[in-house]
Amino acid sequence: MVRLTLDLIARNSNLKPRKEETISQCLKKITHINFSDKNIDAIEDLSLCKNLSVLYLYDNCISQITNLNYATNLTHLYLQNNCIPCIENLRSLKKLEKLYLGGNYIAVIEGLEGLGELRELHVENQRLPLGEKLLFDPRTLHSLAKSLSILNISNNNIDDIRDLEILENLNQLIAVDNQLLHVKDLEFLLNKLMKLWKIDLNGNPVCLKPKYRDRLILVSKSLEFLDGKEIKNIERQFLMNWKASKDAKKISKKRSSKNEDASNSLISNFETMHHIVPVYYPQVGKPKLVFFSEIQRYPVNGNASPESSREDYTKIIEEMGNLSLKQSESLLTKNDVHEPHLFHNPKEKENLFAENE
């Protein structure tokens with residue numbers, strides 16, 4: 001294995017010291033260091049590289065992030081495909097803009113507090129134990145809320161990304177090959193991320209849900225690319241018109257339902273008030289009996305106001321109430337109402353029909 005030292009950097013540097021120029025002075029001029037795929041397993045003191053801005057250390061065997069405290073001018077750090085289990089010792093890198101940590105053993109996104117200039121964070125393809133997923137420390141998310149614009153969290157067994165709502169300036173999110181399942185969770189997130197114009201969710205179960213693409217396009221006006229496919233204006237406008245038409249139909253249906261319920265309520269109220277009326281059927285030669293018959297129901301005008309309908313009902317009921325039993329009896333004579341089926345004697349039926357003839 002190889003350790004990254006100042007001597008190694010000096011020997012592999014393209015910078016040639018001038019006469020009477022020391023190695024220290026030469027190292028101060030270095031801005032880019034590329035030791036990718038060199039079997040490096042540790043980082044030694046780089047404090048002399050004061051102007052270092054870009055450091056390439058990907059595809060090595062580094063197991064711990066160390067000795068970068070004095071590289072305060074570092075803006076780009078490439079540490080993907082190493083053996084790093086946790087994010088640490090980076091808080092002094094106040095100018096860091098891009099951090100690449102994909103392909104390591106990181107289980108929690110943490111330790112990035114104080115990196116107020118960090119714009120890109122790449123933590124895809126972490127080699128996690130079976131069944132585990134990548135987690136986010138709320139403190140780190142809060143510290144990156146205003147700066148982070150690009151986030152790559154692909155292939156990390158993630159099933160919920162609603163915590164990312166705090167990243168108010170995020171404009172690109174790559175979350176391919178995770179376990180995202182619910183469209184509603186994505187709608188919630190897109191409602192919060194007002195500057196997001198690109199999101200890639202290919203390889204998630206949610207992509208197979210009905211109307212998945214349509215729903216995300218409708219909920220986000222800023223989105224321009226979804227799963228690698230451009231969202232054209234004509235597509236968005238068509239979906240917006242379709243949704244407006246659907247919403248209008250729902251409103252119309254609700255209004256019709258309310259009107260119908262109001263009409264049914266009026267009819268129900270009428271039925272419960274004096275719904276039976278005494279009717280006399282005098283029998284020939286028998287004691288007079290009183291039968292009760294249901295009042296006839298009349299359709300209610302849907303346009304009539306509830307007040308006028310109640311007045312009509314009250315009037316009908318009052319007229320019925322004024323009809324006394326004696327008046328009802330006097331209005332019906334033997335010859336007016338006949339109920340042959342009530343006679344027990346057949347001769348009485350024959351006499352009755354003979355009188356009518």
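Please read every residue number as a count from 1 along the shown chain.
Positions of Cβ are set from backbone N, Cα and C atoms, glycine also.
The feature repeat 'LRR 1' is assigned by Swiss-Prot to 29-50. Mean model confidence for the repeat 'LRR 1' (29-50) is a pLDDT of 93.
Swiss-Prot lists 51-72 with the feature repeat 'LRR 2'.
For the repeat 'LRR 3' (73-94), the list of distant contacts is 36, 50-66, 100-117, 122: same-chain residues at least six beyond its ends, Cβ to Cβ under 8 Å. Under the heading repeat 'LRR 3', Swiss-Prot lists 73-94.
Beyond the ends of the repeat 'LRR 4' (95-116), by six or more residues, the same chain brings 58, 72-89, 122-128, 132, 134-137, 139-141, 143-144, 146-147, 152 to within a C-beta distance below 8 angstroms of the stretch. Here Swiss-Prot flags 95-116 as repeat 'LRR 4'.
Residues or ranges marked as repeat 'LRR 5' in Swiss-Prot: 117-138. Counting residues of the repeat 'LRR 5' (117-138) by DSSP class, helix then strand then coil, yields 1 helix, 5 strand, 16 coil.
Annotation comment: Swiss-Prot describes 147-168 as repeat 'LRR 6'. Beyond the ends of the repeat 'LRR 6' (147-168), by six or more residues, the same chain brings 102, 115-126, 128, 131-134, 136, 138, 141, 174-181, 185-186, 188-189, 192-195, 200 to within a C-beta distance below 8 angstroms of the stretch.
According to Swiss-Prot, the repeat 'LRR 7' annotation covers 169-190. Residue counts for the repeat 'LRR 7' (169-190) by DSSP state, with H, G and I taken as helix and E and B as strand, are 8 helix, 3 strand, 11 coil.
Sequence-distant contacts of the domain 'LRRCT' (204-242) (same chain, six or more residues past either end, CB-CB distance under 8 Å): 175-183, 186-187, 190-191, 193-198. The annotation domain 'LRRCT' is assigned in Swiss-Prot to 204-242.
Long-range neighbours of the repeat 'LRR 7' (169-190) within the same chain, counting only residues 6 or more positions beyond its ends whose Cβ lies under 8 Å from a Cβ of the stretch, are 124, 133, 145-162, 196-206, 209, 211-212, 215-216, 219-220, 223.
DSSP states for the repeat 'LRR 3' (73-94), grouped as helix (H, G, I), strand (E, B) and coil, give 0 helix, 3 strand, 19 coil.
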